[in-house]
Amino acid sequence: MMLLGASLYLNNTQEVSDEIDTANLYANWKMKYNRRYTNQRDEMYRYKVFTDNLNYIRAFYESPEEATFTLELNQFADMSQQEFAQTYLSLKVPRTAKLNAANSNFQYKGAEVDWTDNKKVKYPAVKNQGSCGSCWAFSAVGALEINTDIELNRKYELSEQDLVDCSGPYDNDGCNGGWMDSAFEYVADNGLAEAKDYPYTAKDGTCKTSVKRPYTHVQGFKDIDSCDELAQTIQERTVAVAVDANPWQFYRSGVLSKCTKNLNHGVVLVGVQADGAWKIRNSWGSSWGEAGHIRLAGGDTCGICAAPSFPILG
């Protein structure tokens, strides 16, 4: 293990010594992420979890199988996989949702598309949902902000908190999870506040009905039926997608290919490489992954083709 700049990073080309001073590594990690625990018992538990996660990453790099991605001890290093899932992977897929069947034969044959690096678009900074299961709101707002710029040449910084607090009648549940299509329905019916008027708090609150909601461009939404249609759609706009993000906890860089199709997290598809790898905008801050993004292997990796959708704007 080595320190790479300010980041605690396990390099897959480096043999990990059994003599690593885990205690010092843990102290450095706590300093970087400003971690303080309430009592000695909690401190001991978090140290054990940190050690377990260190061993997990160590085993990943010691595996003889060649990996296409890298892992690191990031801001989630003191969370067990169960705690991580309970806090961050709370997407609520409606029982009525029609999920697309997996297509293992899909192969992308187009050119690279990257909405994060397009001169026609002012790409918004990656946001952080914090310890609130509001990924669905960030997925919806991300698609709205970027697509409104692409399609209408209008720039907004919209309020995820408006969705968290106010879209309960649309079967969303704030920090306990929700669904992107339901968020689009709410915005179509009610408009959406700007972030400056309804700032994000990372917790459930009472709906502020008196706040102005000047964003009124959503006329509905369109569900995408296949990987082929998803590949066509990303040529013209970004897409809200549902994925399995269980293996994403310690992701640092590269193309991730191993995951299930158990949909538990909402994100935004913002590009596709010429080799078919998908580029995803996440909501765990810009220090996570590749400047807040992750790349997934082409096809229906992590269930990305199961339930994509985008807002219809006007």
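Glycine too: its Cβ is placed from the backbone N, Cα and C atoms.
Of the listed cysteines Cys132, Cys227, Cys259, Swiss-Prot assigns the disulfide bond with Cys175 to Cys132. Recorded disulfide link (Swiss-Prot): Cys259 to Cys302, out of the candidates Cys227, Cys302.
Within the set Cys166, Cys227, Swiss-Prot assigns Cys166 as the partner of Cys207, by disulphide bond. Counting every protein chain shown, 23 other Cβ atoms lie within 10 Å of the Cβ of Cys132 (disulfide bond). The subset of recorded positions (Cys132, Cys135, Cys175, Cys207, Cys259) lying with their Cα within 10 Å of the Cα of His265 (active site) consists of Cys135, given in sequence order. According to its DSSP assignment, Cys175 (disulfide bond) is helical. Long-range Cβ contacts of Cys207 (disulfide bond) within its own chain (separation 6+, distance under 8 Å): Asp165, Cys166, Gly168.
The number of other Cβ atoms within 10 Å of the Cβ belonging to Asn282 (active site), over all protein chains shown, comes to 29. In the structure as shown, the Cβ atom of Cys302 (disulfide bond) sits within 10 Å of 31 other Cβ atoms.
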